[in-house]
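Per TrEMBL, these features apply:
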type     : residues : note
TRANSMEM : 67-89    : transmembrane segment
TRANSMEM : 110-133  : transmembrane segment
TRANSMEM : 148-166  : transmembrane segment
TRANSMEM : 236-260  : transmembrane segment
TRANSMEM : 315-335  : transmembrane segment
DOMAIN   : 385-500  : domain 'TMC'
TRANSMEM : 505-526  : transmembrane segment
TRANSMEM : 562-586  : transmembrane segment
Amino acid sequence: EKFEGALGKGKGKKFYAYKVMMTKKWMKFQRDFENFKTACIPWEMKIKEIESHFGSSVASYFIFLRWMYGINMILFGLTFGLVMVPEALMGKPYGSLPRKTVPRAEEASAMNFATLWDFSGFAQYSVLFYGYYNNQRTIGWLKFRMPLSYFLVGVGTIGYSFMIVIRTMARNANEDGGGDDTSFNFSWKMFTSWDYLIGNPETADNKFASITTSFKEAIVEEQESRKEENIHLTRFLRVLANFLALCTLAGSGYLIFFVVRRSQKFALEGLENYGWWERNEVNMVMSLLGMFCPTLFDVISSLENYHPRIALRWQLGRIFALFLGNLYTFIIALMDEINLKLEEEKIVKYNMTIWEASLYNGTIPENSTAPPIQVDPADVPRGPCWETMVGQEFVRLTVSDTMTTYITILIGDFLRAVFVRFFNYCWCWDLEYGFPSYSEFDISGNVLGLIFNQGMIWMGSFYAPCLPAINVFRLHTSMYLQCWAVMCCNVPQERVFKASRSNNFYMAMLLFILFLSTLPAVYTIVSIPPSFDCGPFSGKTRMFEVISETLEHDFPSWFGKVFGYASNPGLILPFILLMVLSIYYLNATSKSYKEANLELKKKLQSVRNKELLNFGFTNY
């Protein structure tokens, strides 16, 4: 009855033909829309091509980079749309206030390239940094609350970052609960890998390379599962490798400490008396350590003879410890610099009192009706503005790290590949298979570089709203430059291995860095008084007082009382305890579910083996 009239001259022929035609068109539309969605995913084809030639481990880095790019686009949208644009359009213009004006002593060099490259001069007195923003409660005809917006955007970016990282980790954990990949692995790969709908020769070449790489990954997994080793020699070599790694970490930490001490000495004597290297010594030493230490750790890890995936995690852990020590040494140096700026601020306040008195011939009239003396904003004395100083340091560190990465790619990968390619014909030995050979893609160094650069963005964006924009530009250019470099200048690793499907190891390190990055920012917001003459919180004892001020002026009195009761430590501590207990309960429940899932898999495998055994006896 369903097909009645479809072929003959029945009553429902036209309607059925129309329904079949619309069903086919709808299926074609769905297929085309899925292809369109795939084509709209940024850099999807590039990443697939890299995965086909270099394996899923290298592709996982570029997928992680693309994910970081999306996060920074959201952060850039928040800071640009709710902080920078309102201040530029509705705030007071440049030159109207001392905080928005280059001092008279710096005007001559304010537009020099060296000054702008150091993010001083006109760049310092712009919407790029904290000190430019005014402390008016409302600005413009929209009565936009700039201090409140600045504070909420700073806190909201951290909260959004926590939420998206944890959500991604949870989704990856759910996706990692698939079936058994080890059953008839090579048979499945042999008979089901090829896509018979491929009609493009270039696509066929990529698919062939992808299948070859997947077989290499499976072979490595199988070899590692059956490998026998001398346990005593392996333990000795691993202890030796860890000792050498600890020595390297201690040496790098001492070097950073020594350089920071020198920079403090230079700051006390006046940086204008020193050259470019002395002014940027800390940033350059940190960038160089981040460039050379991962290579040294890679050499050390060859002693341990771990599975490639486990070796990658050890490598990531060592570089993580290196970068973390360098970063917190840098933060401690910044804290010392902030304390010096606060002491300098007290002297500036006293000097400004004397300067104001000198404008009135030594006396400041009380209850005077005389008009105030007009002084050009460029001639007004001003404080050191430690917040802008912190923002400048993070921007300089980000830019120097970006330049070091690009120079490393061009010299360490491209020029090395050109030398090997063209001098191999006239050299004494085979350069391609001997020294120096083509470089391999450094997964651990690049992943840790991404993570710690993002940590600096989270830490410094409160004092430099331009940092998310700089990082978006950095990630965008890095995607194209590194995709080009890995395809043109690198060779696949000798031991290609399959990356973890969940990719949660990267996310766990990112979450840890996010937590560590929020600590200094929260400490400065809660404990250190803001500068008295710059930034949206000037004139307040602490930055977070903008919340109580908003509740007092813009909300009913009862709402302020409710908020005060809700923020009472007597309510917050039990709530935190309840959340910790809930997390513990959910974690225990999740473990029990995993164990039950494993038991069910074992039972299904046992039933399958019995069925195969019975089938074999029956045929026999």
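Any Cβ shown, glycine's included, is placed from N, Cα and C.
Predicted automatically and left uncurated, TrEMBL annotations should be read as such.
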Surrounding residues of the transmembrane segment (562-586) on its own chain - C-beta under 8 Å, 6+ positions past either end: 551
Contact set, same chain, for the transmembrane segment (505-526): CB under 8 Å, 6 or more residues outside the stretch: 60, 64, 154, 158, 161-162, 165-166, 168-169, 172, 313, 316, 320, 324, 327-328, 331, 334-335, 338, 390, 447-448, 451-452, 454-456, 458-459, 462, 542-544
Spatial neighbours of the transmembrane segment (236-260) far in sequence, C-beta under 8 Å, 6+ residues away: 281-282, 285-286, 289, 293, 296-297, 300-301, 303-305, 318, 321-322, 325-326, 329-330, 332-333
Segment confidence, the domain 'TMC' (385-500), expressed as mean pLDDT: 84
The domain 'TMC' (385-500), counted residue by residue under DSSP: helix, strand, coil: 81 helix, 4 strand, 31 coil
